[in-house]
Amino acid sequence: MTEEKQIKDFYLLSDAVGQLTTDLLDSVMVQFPDVEINIKSFPFILHEDSLIPVLEAARDNQAHVVVSFVKEDLHQTAARFCQDHGLFYYNVLHPIIELIGEESGTPSTQKPGQRHKLNDQYYKRIQALEFAVQNDDGRYPNRFEEADIVLLGISRTSKTPLSIYLAFQGYKVANLPLVPEAQLPEEIFKIESNKIIGLTNDINVLNKFRRERMRSYGVDESGLYSADDRIEKELAYANEVYERLQCPIINVADRSIEETATLILMFMNFKPQQK
């Protein structure tokens, strides 16, 4: 039997909210699904008086120290302390801050928490999110013209999750479900086709998703909604609509929301929104 190795605790320190270090560690640990680690977070460390006790606790526990300090004095103190006591230390921001400072010849502001200040981009994202919620499932076709992106697709093609995800990037997104028996709103033909994206999916994936959805509702999963011939009919209808609109088509099968959203923005030739 292989002896399981003990992994040291991680201490996450920040002079702001500290979300960056948390997100970084989450992204890393996804690669180790069977490994568990203990994480302790210490946000809003603004002075050495509050930094030193945390570093001493890390020393006593022989913990790894990961920080997102923008203040140079805090970074230097923490780096020196960890080096003196043989602790792993990594500042996720410092290498890039140093690089940009050197290449631009401009010192950083060393002001923590700038990312979280309320600004025009923040309000733009809030407005986009409200727009996505209000215009889900084709609720207001007369507002398609206001949208940056209009997503079309049959049921279970990720229209709503994509609308919300893109809204968080600052884009106003409306979506319209396609059903063979339902008449298309005339507004969809009045907007520019280059802001329309057609979503599709594989039959086997749709069948699986729809069966799971019906099962969760306590409904017979072998009904018309999940039948292959019904799905084929819906997909054929959607393809006819996409052909009429001359819009790009993206197959969401085996793609994450993030991957599909990136493809959508590539088709739309949008640059990433400033955050």
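Just so you know, glycine gets a Cβ as well, placed from its N, Cα and C.
If you check TrEMBL, you get these features:
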type    : residues                                                       : note
BINDING : GLY153, ILE154, SER155, ARG156, THR157, SER158, LYS159, THR160 : ADP binding site
Provide the number of Cβ atoms within 10 Å of the Cβ of GLY153 (ADP binding site), excluding the reference atom itself.
26
Which one of these binding-site residues has the most other Cβ atoms within 10 Å of its own Cβ: THR157, SER158, THR160?
THR157
Highest Cβ count within 10 Å among the binding-site residues ARG156, LYS159: which residue is it?
LYS159
Residues near ILE154 (ADP binding site) in space but at least six apart in sequence (CB under 8 A):
PRO177, LEU178, VAL179, THR200, ASN201, LEU206, ILE231, GLU234, LEU235, TYR237, ALA238
Run through the Cβ atoms and count how many others sit within 10 Å of the one on SER155 (ADP binding site).
16
Using the CB centroid of GLY153, ILE154, SER155, ARG156, THR157, SER158, LYS159, THR160 as the ADP site centre, which other residues of the same chain sit with their CB within 8 A?
ASN175, PRO177, LEU199, ASN201, VAL252
